[in-house]
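TrEMBL annotations:
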- 52, 147, 148, 149, 312, 318, 319, 320, 321: FAD binding site (BINDING)
- 183, 184, 185, 186, 187, 188, 189, 190, 206, 272: NAD(+) binding site (BINDING)
- 43-48: disulfide bond (DISULFID)
- 8-327: domain 'FAD/NAD(P)-binding' (DOMAIN)
- 346-454: domain 'Pyridine nucleotide-disulphide oxidoreductase dimerisation' (DOMAIN)
Ligand code: FAD
Ligand code: NAD
């Protein structure tokens, strides 16, 4: 068997693993990366990027459909049609450009990429079943585990046939007539809304009493209103029981014990993801675990010396930018730099319609930490840019300490607010006070003005409300 040696061995070429490898390469650390599937991982191939491409496609199609009828903009369109095979090719092209780019960046930085499935033998040795069939043994000084996550399955609704995960729901080349989504979280709502906009009859079954249960009611209210307006049927406090005998419907049970059937030619199960801890010999390391995730400290060290874990494998929040930041940090520590992972805010964006953003603490999180806070909102109904884009729903909310006025959190809901996440995170990480944000000149007319105005409003002197 061929044996190779390296300083850093990364298992997994998702955003955590590939960023770690690129940064290690930049710093001159001899690095190898093993990927069993496609470079780019879940994020680039079956997650963030294809889902956002599908959402864009759906938005464009819905816009075209809207213009077939009377509309205040006076635009007329006749009979829009959607060629899904062509659209999927476009989406795959976007993915291909990005995954190709990752391969090029790894090469440019001297990272040796091995295509194949890795099995951990011990904390310094990994065996790879290469694509070519030749087994390869790699010995390393540092082992970085970045194997990501997999969808949670419902035992009574296993994936297969008409029951699909997000991976298949992103790749459909034929529109289902009735799509039932189980789980009104990130995936369920992002994809449910997209397919509804493409003309599919969509019903959502959610066990909790509300959609996106991790966000507060004020934030999800505009999303709920939009789901209703789009014609998505919501079944809250309801669980999925299984398929009907003929497989053409989903049996669901509401909290008052009533069972009913929803017609379904596709059922998307989106009830969460779990760290990928099985199938690659992880158990041989006997690492300390934190629930289903590998336990890590603030440097992403596991309980075994020089074995590191990042990204979804290391638990919540399972977000690509958190995986990337951890990967970059581990590479720098391996290269001898002093680093620790202590962000004040990891922004989260839900690409529903309207979009949601949270960064830092919500009012209730701040209160739970014993902070006395000022909370202020600025509505998009008073923002010129939002009105000129027909996007008056939603608001920006700021949370700041009462004593120092230091901003500790932001939340927003509205059209296009994902792009405000950078401003939110800068303000928190740079320790901005309400006066700092309020005193900065924001370009007019932009949604960003609502950021400034929410800070001014917290200080008691908003200008446009
Ligand atoms: P992954 O991206 O899962 O990569 C792990 C890689 O490791 C995979 O390529 C896998 O093949 C490989 N691997 C695993 N085991 C082995 C082995 N033994 N040998 C070789 N290779 C192995 N996050 C956001 O921040 N924003 C979004 O908009 C967003 N949208 C999403 C939409 C969907 C539909 C889904 C499913 C997820 C989305 N996410 C989003 C979450 C995001 O994709 C993940 O948080 C992110 O990909 C985690 O990165 P990672 O590097 O930890 O793992
Ligand atoms: P999620 O945790 O966001 O939502 C799962 C939902 O399913 C919850 O609302 C939960 O109450 C519900 N649920 C659980 N069991 C149920 C059952 N038996 N019947 C009915 N409802 C049930 O999970 P997800 O949507 O699968 O997404 C997984 C992860 O992927 C997210 O947590 C996030 O980390 C990541 N993601 C992020 C983005 C983004 O950043 N925009 C987009 C997609 C996915």
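Just so you know, glycine gets a Cβ as well, placed from its N, Cα and C.
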Would you find the one among the binding-site residues 148, 185 whose Cβ has the most company, meaning other Cβ atoms within 10 Å?
148
If we count other C-beta atoms within 10 Å, could you say which of the binding-site residues 52, 321 has the fewest?
52
Listed in sequence order, residues not in 183, 184, 185, 186, 187, 188, 189, 190, 206, 272 with Cβ within 8 Å of the centre of the NAD(+) site Cβ atoms:
181, 192, 211, 212, 270, 271
Got a sec? Which of 48, 52, 187, 206, the recorded positions, have CB under 6 Å of any ligand 2 atom?
187, 206
Give the sequence-ordered list of residues that share a chain with residue 187 (NAD(+) binding site), lie 6 or more positions from it, and have CB atoms under 8 Å from its CB.
51, 166, 268, 270
DSSP-assigned states of the domain 'Pyridine nucleotide-disulphide oxidoreductase dimerisation' (346-454) in counts, ordered helix, strand, coil
40 helix, 33 strand, 36 coil
Whole-number Å distance separating the Cα atoms of residue 148 (FAD binding site) and residue 43 (disulfide bond) is 10
Which recorded positions, if any, among 43, 48, 148, 185, 189, 319 have a Cβ under 6 Å from ligand 1, given in order along the chain?
43, 48, 148, 319
Under 8 Å between C-beta atoms and at least six apart in sequence, can you list the same-chain neighbours of residue 189 (NAD(+) binding site), or say none if there are none?
181, 204, 211, 212, 223, 227, 350, 352
Largest tally of Cβ atoms lying within 10 Å of a Cβ, found at which of the recorded positions 43, 48, 319
43
